[in-house]
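Undergrad: Encoded as structure tokens, here's the structure I'll be asking about.
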Amino acid sequence: MNSYISLIFTLLFFTSAARSSSVSVETGSCVRYTTIYSSGSSEFTSTITPETPSSSSSTFVPISTHTSSATNTTSGQLSISSSSSTSSEYSSSSIPITTVSSSDSFIPSSSQTISASSSTTDNVIVSSSISSTVSSTPVSTIYSGTSGTTFVSSSTTYQVIPTQICDGVRGLEYAVYNYDLPSESTFCHPSNGYTEVSTFNKPAYFGSKDLKQSAPLFTGIFSSLDDIPTYSASDYLPAYPPNPEGMSSTSSSCKTIVYQFFFRVPATDNWSLFVKNVDDAFFGWFGDKAISGWSNVNYDAYAHWRIGAYGMGTFDLGYLEQDSFVPVRFVLANGAYIGGFDFAFNSSSTGPVRTTSYSYTSTCDKSFLPFGKGNGGLDEGTANV
């Protein structure tokens, strides 16, 4: 698009150029995790949701001296540590929680037993990643913490037992390609100075077997701790990880960005996707077809730039259950001059949510295909835009 003319018109008005729709979404789900901390006849139970850190631990202050042991029966990471403390003694009615000052983490071999012992004023901390199964076993190996613990046999054993070992992998993936469709001359190099948006009508090409590029220009994954940078009216690509300097110094003209991720629903409610700053054209797919079978004609969302207005739109995802997964795919293409695209998921109970906090590259039983040729796209027909 012509950046100067667009700026003038955008200051005058900001209107929508979008296809709003109600989308039928196929979803999947993963289990929550219940971890039990026990000592003798008492136990404390907590629930770990996927949005909490992927490991859990609890601190126990023993009466007199004792030995704690645990066995890791899967490939998960096991941690046992000891820290000096003046906390009150452990009683059957409560489990004091204190700060861990030192710890040691390792991956034991199959059926290896690790034990930890402490004096009266020390804490013994037993923790495990949620992909582990940890249970009490006879003591076989002495672990000494940094506080100078001593080994004394005892009948008291503390267990950390994460139930279930199924969860997805956090992250939001993207790939950047050169726009090399036959419509390049009109989409990227318009004779009248304005991108002819309607000539981009084959978005699935960028994930099909027909893709001519052997590899994307850039590719990366947003972690759950990353924010997606604002991308609006820019002459350059957005500063995405892991190479923000390289992307932000590369022209956004004649480029296509493909996004793929599973959106884990934060709360049971009616959900929608809101897009804005679209420059020049955006296509979206939801449900299993976003993984494989996304085509030029079965898209669920579309928005585009036009003279005087960036594309924007709201797309209804329907009523979704908490912790269900929605496969999502976006294709954004920019022709001439500046580009842009921002998006957010929204519900009445949560408002707009931070997308990366609820994004996964795979779930318990589903994953996306690698970027490049055969990324699940079917370059058949043309979009009616």
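Cβ from N, Cα, C; glycine included.
So Swiss-Prot says this about it:
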- 196-360: domain 'PA14' (DOMAIN)
- ASN72: N-linked glycosylation site (CARBOHYD)
- ASN270: N-linked glycosylation site (CARBOHYD)
- ASN346: N-linked glycosylation site (CARBOHYD)
- 41-90: region 'Disordered' (REGION)
- 1-20: signal peptide (SIGNAL)
Undergrad: Please report how many Å separate the Cα atom of ASN270 (N-linked glycosylation site) from that of ASN346 (N-linked glycosylation site), as a whole number.
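TA: The separation of the Cα atoms works out to 9 Å.
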Undergrad: Counting other Cβ atoms within 10 Å of each Cβ, which of the glycosylation sites ASN270, ASN346 scores lowest?
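TA: If we count Cβ atoms within 10 Å for the glycosylation sites ASN270, ASN346, the smallest count is at ASN270.
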Undergrad: Which value does the mean pLDDT take for the domain 'PA14' (196-360) in this predicted structure?
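TA: Computed over the domain 'PA14' (196-360), the mean pLDDT is 96 on the 0 to 100 scale.
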